[in-house]
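Undergrad: From TrEMBL, here are the annotated features:
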- B:12-30: transmembrane segment (TRANSMEM)
- B:37-55: transmembrane segment (TRANSMEM)
- B:67-86: transmembrane segment (TRANSMEM)
- B:98-121: transmembrane segment (TRANSMEM)
- B:152-177: transmembrane segment (TRANSMEM)
- B:184-202: transmembrane segment (TRANSMEM)
- B:208-231: transmembrane segment (TRANSMEM)
Amino acid sequence: MKLLRGFLWLLVFQLLGHVAVELLALPVSHSMAGLLLLLAWLLVKRHLDESVATASQALIPLLAMLIMPGVVGVFFVADEFAGHWTAIVLALVLGTFLSVLTTLWLMRRFMPSEAEEGNRQA
Amino acid sequence: MNELHASLLDTPVLAVALTLAAYLGGMHLFERLGRPSWCPAVLIGAVLTAASLWLLRFDYADYQRNVAWLTFLLGPATVALAVPLYQQRQHIFALWKPILCCLPLAAMLAAFYAVLIAWLLGAPPVVYASLAPKSVTAPLAMGIQEQIGGSLSLMLGGLLMTGVLTTICVSLLARVLKVTDPRILGFALGVNGHAIGIIRAFELGPTAGAFASLGMSLTGVFSAAFLPLAWRLVGL
């Protein structure tokens, strides 16, 4: 029952997100708005309901399986993007290399190196 | 015989069973291959699914329509991501300054580099819109894709490839730049490589893992707000 009650809570927050997005014409998806509303609710209440924790522990490990049907589609759109694959691959390879480089550099610059572990880095 | 074939393809049961079987098969093969970081389980599962669709002469659009009975769970599962984010609030509060300095810029650049390169190489808007959410965790990226357009399949394929490339780039650049702080490595893996980066981060240790989850969640939330807004402002 805990699982069902938690699942119902998640659906309620998704619906609230739906209402908020449609009424305020927000540029985010319904479930994303639901996530933010649930997060705000948890931060205000400063207490995590056991049923919500149970339902989220059950659902989060399924995320990879739930996106898989969408991934399958990439094998059926090869023709649609013919002629653009060089651009796509280069954008992914070079873009990822550059963004990892930037993140590492930024974090090394701003992360306080004292505290916690002795993993100090110049 | 033909009628049977058609009626089977027309129920959600076959589509859902096929998806579960392919996913479990993918997980199994992934374990058998020694959990290779260059080939995530989802990718193996997707190949198995595509092969079965082809063998069964199952039209992809029909499959997608029927499997929606299962993928409906993506909505509440996305909302559920608020829970781990809430549980990491101590990390966020303790390190809000470096996070505020790095995260928005890092998340923006992750999208910007790819969009810029694709644009320079003459790719049409549908391509770079599909590549923009490449560092965002899939459920949130799907929400972004609803807003900015682009091809869902290309977006998800790019997402997987980005995750794999991130683990490779982080290992390489950490050595070159001599970064050993697990907090920084974890954060970089999560910000750029979403869930696939997190898997690698947990191999480096629990601290790296926690920071990777943090980086992934914050990048996702930030990009879900930022990208649609940027698209609206630029008028694409």
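All positions are counted from 1 along the displayed chain.
Any Cβ shown, glycine's included, is placed from N, Cα and C.
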Undergrad: Which residues, given as numbers and ranges, are at least 6 beyond the ends of the transmembrane segment (B:98-121) yet have a Cβ under 8 Å from it?
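TA: Counting only partners 6 or more residues beyond its ends, the transmembrane segment (B:98-121) has Cβ contacts under 8 Å with 92, 127-128, 131-135, 158, 187, 191-192, 215, 218-219, 222-223, 226-227.
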Undergrad: Does the structure show the transmembrane segment (B:67-86) and the transmembrane segment (B:12-30) touching, where I'm treating 3 or more Cβ pairs under 8 angstroms (sequence separation 6 or more) as a contact?
TA: yes
Undergrad: Tally Cβ pairs under 8 Å between the transmembrane segment (B:152-177) and each listed stretch (B:12-30, B:37-55, B:184-202, B:208-231), then give the stretch with the top tally.
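TA: Going through each listed stretch, the top one turns out to be B:184-202.
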Undergrad: Are there residues at least six beyond either end of the transmembrane segment (B:184-202) with Cβ under 8 Å to its Cβ atoms? List them, or say none.
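TA: For the transmembrane segment (B:184-202), the sequence-distant neighbours (Cβ-Cβ under 8 Å, at least 6 residues beyond its ends) are 37, 40, 102-103, 106-107, 110, 135-138, 159-160, 162-167, 169-170, 174, 208-220.
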Undergrad: Any residues 6+ beyond the ends of the transmembrane segment (B:208-231) with a Cβ under 8 Å from its own?
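TA: Residues 81, 84-85, 88, 91-92, 99, 103-104, 106-108, 110-111, 129, 132-133, 135-137, 140-141, 143-144, 147-148, 182-191, 194-195, 197-198, 200-202 contact the transmembrane segment (B:208-231) from elsewhere in the chain.
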